[in-house]
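Summarising the annotation, TrEMBL assigns domain 'Peptidase M28' to 2-105. TrEMBL lists 162-181, 188-208, 220-245, 332-353, 373-395, 407-427 with the feature transmembrane segment.
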Amino acid sequence: MAIDLEAMGIGGKSSIFQAGPHPLAVESFASVAKYPSGLIIAQDLFSSGVIKSATDFQVYREVAGLSGLDFAYTDNGAVYHTKNDKLELLKSGSLQHLGENMLAFLLQIAPSSHLSKGKVMDDDRQSNQDTAVFFDILGQYMVVYRQRFANMLHNSVIMQSLLIWTTSLLMGGYTAAFSLVLSCLSIILMWIFSISFSALVALILPLISSSPVPYVSTPWLVVGLFAAPAFLGALTGQHLGYLVLQRYLSNVYAKRKQLSPVIQADLIKLETERWLYKAGSLQWLVLLIIGTYYKIGSSYVALVWLVPPAFAYGLLEATLTPVRLPKPLKLATLLMGLAIPILVSAGIFIRFANTIIGLSVRFDRNPGDTPEWLPSVALSFFIAVVICLTLVYLLSYIHLSGAKTSIVLSTCIFFVLSLAAVFSGIIPPFTEDTARAVNVVHVVDTTGRLGEKPNSFVSLSSITPGKLTKEIDQIKEGFVCGRHKVIDFVTFSVKYGCLTFDETEGGWNESDIPALDVVNDTNGYKRITQVVIDTKRSKRWFLAINTEEIEDFMFKVDSKEVVPADGKSSVDGWHIIQVSGGKNAPTRFDLTLFWAKNSTRQSHKMQGQEELQRPLLKLRTDLDKLTPKAERVLKKLPPWCSLFGKSTSPHTLSFLSSLPVKF
């Protein structure tokens, strides 16, 4: 069994976010952990590919075939992979939480006779029937059950719900059916207006703030910036649907002459209110059907938001006779119906909102490649979805409430105050502890300059969306920002950044420039090229091989095959080799390239197209060395900026080299 202790932030609870494929581990953990914490919804997001990341646990699960658990801290995600990821931010309570849970779990599982003796079979890994559905309730109790039981439970609830709806519509006739259609229209309008209002604010933020993500240092701002307009939009959309449904019911009741106009008007409003409440349960039923069909573990969220509100309505409000006149919805119905759903899922939504806010600091993996408003739009969309899903029952009460005006007015005031705080700069987007992620690199570029003098400059870029104007105003040092030059660091590209060429000739040696030397090139039945790679003093380097030209290759170190010739994978037409060696690691490598039959080198292309061709090889070597220019820039770096670093990030001195296709 593999147990992985990860982090996507620092502090908070250490929660399970991946488990399995066999449920033994998570079942054992849930039975003994003192403060269990885990969400299968995170596992669903990872497996769906929405989260473009990987953990060590996936290696043990996918390569070694082991089952197990993957834990992670997620609080304060904005400091992840930055210089601000400091030990003092990790509270002792977080370590105690992890320690108590892990010790109890290991004492339980280590002597178990049920541990696997070998690999998990592929059939078992692919089957969803025996996996576990898991979630915690307030960090005090963990619910775990098998996917097979989940399928049975969900299908039972779905069948009963459909039976109740069918019976209700048959008893109500055409009027009930058309009322259902119009109440569904209110749901659609609610979603449209809520998402639109919230997304509009996200699009406006870059125009009124110094940063397109002004809420990073103060996460509660998203309540005023996005949740408030999402709530107003949801209420507006549902109210429009309410008016349409009310008008239809007015025409229906007009045919009933036995009621006075005053009583009739009140009954129409009450009937409309009830249809809006019932439409809320219908949207959760649809989500439950979809989740059950695709065997999505987090479908339990739809289950808990469907069953308790429907049960409360059936117990306190529903009647089997259409003769009985509608009455105002009871407050007890709302309290009874929402108590369990809020208890089970409130933590999920809050944690995921915090995670998205943390991700916005490192959202732009290729600086300048994505619109700067995109992270705010993504966050606003998530918040609007949560508002529409969870407040649909509550909103149905507001239309007839005497507090409607005060609720709308209070929400508007809260929104305006939040917007004013951002516009005025009273609340800074970044602070010294929660800073913007930047990279400062002295680059020596020899790509495309065979025999020419290397191009030397210092690059300042940020994976946090937004312009670097404010930072450059403080640093000076001759920086010019823009998109005029794309810097290819092999593992990523900088499409928007700031460069300075002033006083950048010192602090590095030409003897450190890596070499890509072609030592043999034969063109027989199959073209084969041998290249010697010399990384000089660098023990940390990255090589990209153009898979549009090369169909296979061998990579050797001291005549030993490290990467054998066997169909290679590629991303965007590149196969990337990443090496990080120790003090005595080798620096010379042999690369044998097997050309593709349809390579552009062997085809007859126009000379004018040669400049547009991608290189055959790209190489970046890193040295952990500060040049005088880079050191001055780092000293002048504003306090709200923090250096970003992960396994693919460049060090403070990088050499770029390449080998063209037509060498």
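Cβ coordinates come from backbone N, Cα and C, glycine included.
Of the two recorded stretches, the transmembrane segment (188-208) does not lie close to the transmembrane segment (162-181), with fewer than three CB pairs under 8 Å once pairs fewer than 6 apart in sequence are set aside. Just going by CB pairs under 8 A, the stretch in 162-181, 220-245, 332-353, 373-395 that sits most against the transmembrane segment (407-427) is 220-245. Here the transmembrane segment (373-395) has Cβ contacts under 8 Å with residues 187, 190-191, 194-195, 197-199, 201-203, 205-206, 212-213, 222, 225-227, 230-231, 233-235, 238, 276-277, 279-280, 283-284, 287, 305, 309, 334, 337-338, 341-342, 345, 349, 352-353, 356-357, 359-360, 363, 465 of the same chain, all six or more residues outside its ends. Packing against the transmembrane segment (332-353) from elsewhere in the chain are residues 15, 39, 41, 74, 135-139, 219, 222, 301, 304-305, 308-313, 315-317, 379, 382-383, 386, 390, 393-394, 397: each is 6 or more residues past its ends and has a CB under 8 Å from a CB in it. Over the domain 'Peptidase M28' (2-105), the average per-residue pLDDT in this prediction is 89.
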